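*Asks:* One structure follows; several queries about it will come next.
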Amino acid sequence: MEPLDTELCYDPDPSIVQPSCNGQTPPGHRTLSPTQQMDHEQQMKISESGQFSDVVENRGLLESSTRLKPHEAQNYRKKALWVSWLSIAITLILAIAAFTVSVMRYSASSFGFALDAVLDVLSSAIVLWRYSNAAAVHSAHREYMACCILGVIFLLSSICIVSKAIHDLSIRVMPEVDGFLFSVSILSGILCSLLAAIKFMLGKVLTSRALITDGFNSLVGGIMGFSILLSAEVYKHNSKVWYLDGSVGILIGLIIMSYGIKLLMDMVPRVRQTRHYEMFE
């Protein structure tokens, strides 16, 4: 009969921590160092976090549902509504002023900014719809629907901006800035940039692509406001660079078009995936 202190030692399974045999580590078993163990645990946590986010999204909810408490989510939702109403009021006034300048001065950048301001009004209205239902603050389907609508609006707006800029370049429209256009450009650049920063922050907290897209549109409006002044100032010092105003309009239009296409490519499949999870509608 074999002694009790002689135990069988099996070949170690790499995925299982093996106990010692007779107080000794089994041969062939490699012990991880503390640093390697920490790296392994960190990788496991990252993997579990990514899988959990996928599960949450597959249930028709945004990632914000796991980050925010109910009262916090409603608080940020109300802030998003207030910012959207403020954005609509400001950009609507700027759009009317920019359209007036565009007609009076034949400015492609002014027309482009006016169209972008109208786009900002529409995108903010979509964000209002997105967060109008208190129970749908974490609804992924509602979020993706809003993004798809924004993508279509971006495409239509970019076509108008590029067409107007090409037309003005073809007839050699010269950029001019008077006191009224200067005031509109400065105000639009500052206000739109501030609105963009606020929307970006709220969009990050609520994990809302629609709010971030609305912020991107406000940022574009601010850039276009400053670009009007830049093109006019360059033309004042060098009349040979008369085409800068129209070129900026084309560039902005192409950027908006690219963003709209990317948005639709990302969101259309997600709308289809979450159409069965309209539990909050």
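Including glycine, each Cβ sits where the backbone N, Cα and C put it.
Residues annotated as topological domain 'Cytoplasmic' in Swiss-Prot: 1-80, 130-145, 201-209, 262-281. Annotated region 'Disordered' per Swiss-Prot: 16-44, in sequence order. Taken from Swiss-Prot, the feature transmembrane segment covers 81-101, 109-129, 146-166, 180-200, 210-230, 241-261. The topological domain 'Extracellular' annotation in Swiss-Prot covers 102-108, 167-179, 231-240, and the record cites sequence analysis as its basis.
Each of these features: where is it, how hidden is it, and who are its neighbours?
*Replies:* Mean predicted confidence for the topological domain 'Extracellular' (102-108): the pLDDT average there is 71.
Helix, strand and coil counts from DSSP across the topological domain 'Cytoplasmic' (130-145) read 10 helix, 1 strand, 5 coil.
Using a Cβ-Cβ cut-off under 8 Å and counting only residues 6 or more beyond its ends in the same chain, the transmembrane segment (146-166) has close neighbours at 108, 111-112, 115-116, 118-119, 122-123, 126-127, 129-130, 209-210, 213-214, 217, 246-250, 252-254, 256-257, 259-261, 263-264, 266-268, 271.
Away from its own ends, the transmembrane segment (180-200) comes close to residues 83, 86-87, 90-91, 94, 97-98, 101, 105, 107, 110, 113, 117, 120, 211-212, 214-216, 218-219, 221-226, 228-229, 232 of its chain (Cβ-Cβ under 8 Å, at least six residues beyond either end).
Non-local neighbours of the topological domain 'Cytoplasmic' (201-209) in the same chain are 62-64, 67-68, 73, 76-77, 79-80, 83, 130, 137, 143-144, 147, 215, 263, 266-267; each lies 6+ residues outside the stretch with a CB under 8 Å from one of its CB atoms.
Using DSSP to sort the residues of the topological domain 'Extracellular' (231-240) gives these counts of helix, strand and coil: 9 helix, 0 strand, 1 coil.
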*Asks:* Can you count helix, strand and coil residues in the topological domain 'Cytoplasmic' (201-209) using DSSP?
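*Replies:* Computed counts for the topological domain 'Cytoplasmic' (201-209) are 6 helix, 0 strand, 3 coil.
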